[in-house]
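Contents: one structure, followed by commentary.
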């Protein structure tokens, strides 16, 4: 097929001025959207400070047995000789001293500092496990509902609505002892690990809906995008569509929702323990400590202070970091 | 609109039905033996068996469920040990408290309402107001203060805040009495002074969340074209913000508020436990501790009814404001 | 330029068609009002063939069903009725596995170069995607093939590790073209491939497509609302109105001897820099009727200045007139060159300069909306 000469020249002229479209940059390896977000996060002071705090908390939690060795006191050791006749710790601010940095629990006389360290461990473990499980369930159901649509979408949506209609705290409250009773007899001792497992299971049952909703919405928005159609036009199967085309584009909101779900689970775990159904008294937990401390509110205010501030700092750091992460991943959003 | 209403009521009924079946299964079918927990001290096997029989636990599950539902809508006859006939909203008989569960609920529901409704008014006014002001004064010290407030509030625990409030206002300053419930009809002043700490604690945490939410919504709305057009048309600032932007920004806030209030009515468990007020939530906790199945079941159902009703109300409100919703 | 030269270069017309479309129909159900379902007749019975190596232009206003047609051809949409035969095989309702071997021969280029590339993938991965999902290991490896493709579409082969956001619109469209070429297709459906690009970039991309068509012997279904671009690129042209083809024929017949009043109206809306002012512009009255309830008989009759009673009662068939390959669906076809109807110099005389001064892709024929100031000033 021949071009007419005149036309050819005219178009050739345009062509010659053409490829200066994009600024040439040194190096041919491009920076992925993920790398760009990471760079933004690195520049964000709040993110770095809160991230540092989180790392510190995690190290403390992981190194709890090591800290116990150095500190020399275990979480279940009782120091009755440091309590007065009413079970109140001797000395100032709940018995704060060189040996007991945050003082002692009234009544049982256990060391608050080491119990907080172990409580951190419990709290973070439960929260992360629950967040990972709920994110997985949410991603799977959300992608399937959003991508396949139809009756599957309707069913998953209905289950989501149903789960949201269940009063979480009351059901969790009632379900936990029921489950314990199911597997243990009335007077049998319940192993602490079982209590933790039940808590995680309850969180998993009720916690997946928000991720599923988020993912479903994102997938529906992406489903009609042309790059997804391009893959379909090339004959891509379901697996390729979901894992290669769709998921890489929604990990940012998933990551943000994950980072904000962790503090929520920390709060929920503490709340359940506070009500007194989460964990047995043996397992160190923030919620449990605060619940016990309410009885001593007038006589030993320091007891409520340490766990309260600790859990605040933990949740605060997570929330700050989650916000910063959102800003880094989606620079357009204004918070 | 009528069609939407019918559809919405139908789906709400369906959800409630499913919730009731699920909770029923959860509490009556899941435990190894539902009676063991609720038996008073020094139980002998004969007494256990009698309780089981009176509760109908030996019947097939479907019959148990049908009986329970029949009790709610028409009332039913319970054994003489359970107070004989039980009138229409019959939720069963509690062996732990030795009264009809509906009586217990009737006693504690006003308590929870008295906590939640004033608190909700407080947190909506404070939260939305703060969010709007900080969006309109973006970047000023006021905005930064509001952001700090909402971040702090969102990270605080209700029981910790409650404990601090108790410590300061009740135990140290002695400005307020120890929290308790008095009926508003008996003594409004005592009613308010007994509950004000609970309101403040709830409102503080929730308004932090609402300030954050409404600030984000308002900022988004302000950057939208129709607001800019309204400004460009020469409409005065208060008019644009008040009439156009506020309305658009507040709708999502209303949705969440509806759900939160609905959820809170189902029992402010933590608040009631912290302040030692016997409302629906505390009743649920006590029932769980005592293994009082009929009361647990009733509290869960009532909480679910509140959530579903709130959900429906929000949807209807939406449909009234925005005609597009009806077509979905 | 001379039409005779073009005719000589056209592939032999007697060969078996590569793509044969008969009665192709797509109806979308929509919910309306209180409680009713009705159908949007987006595409309503199309017949056309595309021979190997041929370029067929599909033109019409927005909403006339061009894009729906394109998506049905590559089976992104399921046709309501009709058949699509590709290379002698009926693919109208073929499943994914049956389509696999055909996917390699049938590819699509999308309109929006910003939406059609996965922002999280490198250019290399994007172009290699069709190879990957079809399990094809090209000789010399995937990377070599990707670099070869990048070179073919005029991009730096070293850029395979970059991300789409690092490229301009024109470059992104080249990436989309490279992806379509990866499987060495025989037919490419190009869905408005240049309408989202700047005018100066449009010409480059069109030239690239043209070179590819010539070098690789590709057939194209080229969907566009821009008559000037179509004239530049396509050998045959089909004009669509409200889901139907109203006229189909060789480029020169369509542009110089249009028979359907609608085609005439569209052509008269091409901006002509040599003649400013209202000139021979045919202004259509009213709006396009809704495809929910298209007019009876001839769908164009509500806006046609020649409409008679018969147009409302009887639907004109798409029948060949004046021998040749030109077919028109009209009871009262026009005859003679464009000039006769417009009372202005023949368009053919002016078309050269329009293309030559670089505004070939000015894109002003969008829905017959007329010339904007910006375009005239170029």
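Positions of Cβ are set from backbone N, Cα and C atoms, glycine also.
Among the features that TrEMBL reports, domain 'ABC transmembrane type-1' is placed at A:120-322.
Feature annotation from TrEMBL assigns transmembrane segment to A:47-67 (among others). Non-local neighbours of the transmembrane segment (A:47-67) in the same chain are 41, 114, 117-118, 120-121, 123-125, 313-314, 316-318, 320-321, 324-325, 328; each lies 6+ residues outside the stretch with a CB under 8 Å from one of its CB atoms.
Under the heading transmembrane segment, TrEMBL lists A:124-149 (among others). Beyond its flanks by at least six residues, the transmembrane segment (A:124-149) meets 57-58, 61, 156-157, 196, 199-200, 203-204, 207-220, 223, 238, 241-242, 246-247, 254, 257-258, 261-263, 265-266, 269 of its own chain at Cβ-Cβ distances under 8 Å.
Away from its own ends, the transmembrane segment (A:155-177) comes close to residues 141-142, 144-145, 195, 198-199, 202-203, 205-206, 208-209, 212-213, 216, 268, 271-272, 275, 277-278 of its chain (Cβ-Cβ under 8 Å, at least six residues beyond either end). Look at TrEMBL and you will find A:155-177 (among others) tagged as transmembrane segment.
Annotated transmembrane segment per TrEMBL: A:189-208 (among others), in sequence order.
Same-chain residues lying 6 or more positions outside the transmembrane segment (A:301-321) and placing a CB less than 8 Å from one of its CB atoms are 46-47, 49-51, 53-54, 57, 93-94, 96, 102-103, 105-106, 112-113, 116, 119-120, 123, 259-260, 262-263, 266-267, 270, 286, 289-290, 292-294. The transmembrane segment annotation in TrEMBL covers A:301-321 (among others).
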